[in-house]
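Accompanying notes for the structure given below.
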Amino acid sequence: MFRLEARTSTSAWFNLALPLLAIGATLVLCSGLIALAGAGVIEAYGVMFSASLGDSYAITETLVRATPMIFTGLAVAVAFRAKFWNIGAEGQLLAGAVASCAVGAIPMPGPLAMLLMALAGAAAGAAVALIPATLRVKFKVDDVVSSLLLNSVIFYALMALIEGPWKDSFSGYPISPPIEDSANFPVLLEGTRLHLGVVAAFLAAPVIWFLIARTTLGFRIRVIGENPEAARYGGIHVERVLISTALLSGALAGLAGVSEVGGVHFQVMSDISPGYGYSGIVVAMLARLNPLGVMPAALFLAAVMTGAEAMSRATGVPAFLSDVIQGTALLAMLVALLFTAYRIRRVGAAR
Amino acid sequence: MPAPLIEMRGISKRFGAVVANEAVDLSVAPGEILGLLGENGAGKTTLMNVLFGAYAPDAGEILVQGRPVTINSSADALAAGIGMVHQHFHLAPRLSVLENLLIGIPGKSGRIDRAGGLARLAEIGRQHGLTLDPGLPVSALSIGEQQRLEIVKALFRGARLLILDEPTAVLAPTEVDGLFSALRSMAAQGLGIIFISHKLNEVRALTHRCVVLRHGRVTGRVDAPASTTSSEMAQLMCGHEIVPPARGPSTPGAAVLTLDGISTSRHSGMALRDVSLFVRAGEILGIAGVSGNGQRALAEVISGVLAPDVGRMTIAGKVVSRFSPCEVQALGLGRIPEDRMTTGLVTNLPLADSMVLPRIGTAAFSRNGLLRPDAIRAFAEAQIKAYDIRCPGPMTRAGALSGGNLQKALLARELAFDPKVLVVSQPTRGLDIGAARFVHEKFLDMRARGCGIVVIGEDLEELLMFCDRITVMYEGRIVGTLDSADATIARLGLMMTGAEGHS
C-alpha cells in the first residue's frame, strides 16, 4: 500500500528537475497516441524537433511563436503569484490586439505609432482584467469564472467589430483594415519573421522578474498571494495590491496582442490567437510562476506547436497532437507539483 | 499491575536527517492516566501520530492488549480501540451533535441509526457526566462543549484508549475541573488515557504516571506525579533548571494606550460593548476571560483591523482616526498575534520576508519602491542571532520553524522598532517552558524600558505571574480590573463567569 506523506523540504535540483520530469512524462504519454495514429514515435518526435529547432529559420519561427506566450505566461504568472486567478489572458490579448490595431491604422511616424500601439494595447488588456478584479474585491465574485467567461464576451465583441464596422468592404472578409506600413514592427533578421516584439518579450521577462523579486509591489504581491490575512495585519492594502496585480497582468496579456498585430499579422482577424491566452496558463505553471522560467516554458510550447504541423505533414499524425501535448503537460506539471509538498511512502513494509 | 492496554516498543521515526522519535517505549494500563511531557519538538505529537496511524514508524511495534497490530490510518486506530482528541477539533459546524457522532458510522441497511445513536449518547453521558444536547448544531456549542463532543465521539466509536493533545489550552478553569472529573470517571471504568500538556500543575493533579520526552527519546519516567514538584518535572523536560523571571516593582508613567467607550457591531465572534481601559508606560495589563468573550475583537480594534462603531482610542496621546494597521503601527503599536501562522507570518515565504512584512514600505527596507535585499537580509540575520532563532538562515521557509522559534521571530520583528505599546494575544500558547520563559523575560524587559503592554491570555497563572493589573472580560464587556497583588485565581475565575468584581 502506498500513501502520501508531507515533505518538510525540497532540494533545489528537485525544483528544477520537476518541469523537465513533467515534460518527459508528457512525451512518453503522448507517444502512445502517435503510435495509435499509425506513425513511428521516434520519427514523429524527430520531425517535430527538426521542424522547430533543427535549423536557424525553424528557430526564428519558434521564437516568433513563443513571443505571445511569453507575454501571456508572464501575465498569468504575475496574477497567480497574488492568487488572482486570471484565466482571462485570452480576452485581454484580444482587447490589446484590437486597441493596437486601431491606433496603428492612424498615420503617424513609425516609432511613435509603435509606442502608442503598445500603450493602447496594454491599457486595453489592463481595462479588461480590471473587471474580474473589481468584481472580486467589491462583491467577492469568483475570479476564475468571471475572467474565463469574459473571454467569450471579448471574442464576440471582436467578431462584431470585424463583421461590422471594420469589415473589409472590398473582399468582404471579416478582417480589420491593416495598420500603416510604418507601424509594422521592424524585422531583425532578413528573410525571417523575427520582429521587434520578440526582443520586447525576452526583455519583459527579466523586468517582471525584477519587479516581483526586488520591488515593494512585488513583495506585496507575493505576500497577499501566500497569506492575505498576515498581509492585512501587516498594513498592506490587500485590495489595492490585488487591483494593481490585475492591471499589470492584463497589460502584459494585452502586449501579447500588440506584438501579434504589430509583428505578425498587421491586422486583426478572428483567429489572431490560437489560444495563446490559455497556453499562458500552461507556460506559467511549467515555469512554476517564475518570470524567468516563463521563457524556456514558452519556447517548449512554441516548439511543440511549430513542430506539430510539420509532423502532421510528414507522418499523418493530426496536428491536434500539439493541443494534447499542451494539456497533458499542464496535468503532468500539476501532478508533479504535488511532489514538492508530499512524498510517496510505502506503508506496511517498514515493520 | 494489569496487562497493558496498549504498548509501544522501540518506536523510532525519522524525517530526513531529523530524529523525531528514537527507541521510545511506552505503555498504558487499563484505568491508568498517563502524562506525556516534553518541550515543543520533543516528539510528543509525532509519537501520538504514530499511535493514531498518521505516520508509519521506521522501527518498533505497537501492541494492543498484548497482540501486535499494524496501524496505517485513523480507521485502523479506531478499530484497535484508540481514540484521539486533537488540539484543533474535527467537527462539521453546520451538523448537529448527533449527526457529527454518526459521521462515518455504518447505519442499519443503508439508513442512519438515529435512535441507536441517541441511546448510546445518553448512556455515555450518564456514565461519565459528558452530557450534550443531541439536536444542537456544533456551531452553537462552546469550545468546551465541542471538546466534550470530540471525547464522546471517541467513546462512541468504542475507544479503550483516549489520547488528549493539550486539552486544557482552550478551557476556562471551571471547565478544566469538569474535564478532569470526566477523565477520572473514564479511568475508573477501565479506560486508558494519554494526557499531553505543558501545564505541569495539571499533569501533577490528574495523571498516575508520566513519561518525559526530550529530543525524541524518553529521558524520564515519573511514577508519582502528585508528589513530584513542578520544577523537578521541568528539569526532566529541559535538561536544566528553570527559574521563573523576577518581576521588579513598576513605576508606570503616562497612559500610552487608552480605549474610551469602544463598541463594535459586526464581528464574527463576540462584539465589544462599551469597553474602556488604559495602559501606562512601563506597565503590563493582562486581559483575562474565557475564550470567545470579546478578546479577539479587542485585539483587532487595538491592531487597527476592526474599526469600532463608537468610542475613542489613543496611542501615545494621539487619537486613532482611521483604524488601519498602517496608522496604529505608525503611532507606535507593536502586535504579537494569537495565530502566528495565519495573521502573523507568511509560512510559504522566506523567514526574512515575514520579519520585515509590516515595515517593508519604510526606508529601513526599501527606497523608491525598490527593496533593499541586503538590508532585509542583514536585519533578519541580526534578529536571528539576537533572539537565538533556531533555523538554517533567513531564507528558510518560515513554516519550517517550530512554534517557539516563530514566536521569537515575531517578537524580534515587533520589538526591533521599540514600540510604545505592545498588544499580545496568547503569548505562550503552544510554547514549551524554555521558550515561554524567554517570552516572559522579553516582556519584562520591554516593561522596564517604558513600553505599555497588553497581554490577552487565558492562562491565569501566567497572567498573575507577570502582569501589573488584570482586567476581566465577559460577553464583550469589562467586568472589572484587579491589581495583581489583590488578584487570585479564584477571584478572577469568578469574574470570568460574569460576576462583578471591584475595580
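A Cβ is built for glycine as well, from the same backbone N, Cα and C atoms used for every other residue.
Annotation comment: TrEMBL describes A:12-42 (among others) as transmembrane segment.
Positions annotated as transmembrane segment by TrEMBL: A:62-80 (among others).
Residues annotated as transmembrane segment in TrEMBL: A:87-106 (among others).
Annotation comment: TrEMBL describes A:112-132 (among others) as transmembrane segment.
Per TrEMBL, the feature transmembrane segment maps to A:144-162 (among others). Away from its own ends, the transmembrane segment (A:144-162) comes close to residues 85-88, 90-92, 94-95, 97-98, 128-129, 131-132, 135-136, 174-176, 268-270, 277 of its chain (Cβ-Cβ under 8 Å, at least six residues beyond either end).
Per TrEMBL, the feature transmembrane segment maps to A:194-212 (among others). Long-range neighbours of the transmembrane segment (A:194-212) within the same chain, counting only residues 6 or more positions beyond its ends whose Cβ lies under 8 Å from a Cβ of the stretch, are 60, 63-64, 66-68, 70-71, 74, 77-78, 81, 114, 118, 185-188, 218, 221-222, 248, 252, 255, 258-260, 262-264, 290-292, 294-295.
Residues 15, 18-19, 22-23, 48-49, 52-53, 62-63, 65-78, 80-81, 87-94, 151, 202, 205-206, 208-209, 212, 253, 256, 260, 322, 325-327, 329-330, 333-334, 337 of the same chain, all 6+ positions outside the transmembrane segment (A:276-304), place their C-beta atoms under 8 angstroms from a C-beta of that stretch. Per TrEMBL, the feature transmembrane segment maps to A:276-304 (among others).
Per TrEMBL, transmembrane segment is recorded for A:324-342 (among others). Residues 4-7, 10, 14-15, 18-19, 21-23, 25-27, 29-30, 33, 279, 281-282, 285-286, 288, 300-301, 304, 308 of the same chain sit 6 or more residues outside the transmembrane segment (A:324-342) yet have a Cβ under 8 Å from a Cβ within it.
Remote same-chain partners of the transmembrane segment (A:112-132), defined as residues 6 or more beyond its termini with a Cβ less than 8 Å from a stretch Cβ, comprise 75, 79, 86, 88, 91-93, 95-100, 102-104, 106, 141, 143, 146-147, 150, 154, 179-180, 182-183, 185, 196, 200, 243, 246-255, 257-258, 261-262. Using a Cβ-Cβ cut-off under 8 Å and counting only residues 6 or more beyond its ends in the same chain, the transmembrane segment (A:12-42) has close neighbours at 286-288, 293, 297, 300, 315-318, 321, 324-325, 328-329, 332-333, 335-337, 339-340. Same-chain residues lying 6 or more positions outside the transmembrane segment (A:87-106) and placing a CB less than 8 Å from one of its CB atoms are 68, 71-72, 75-76, 113, 116-118, 120-129, 132, 144, 146-148, 150-155, 158, 161, 176-180, 183, 249-250, 253-258, 260-262, 266-268, 272-273, 275-278, 280-281.
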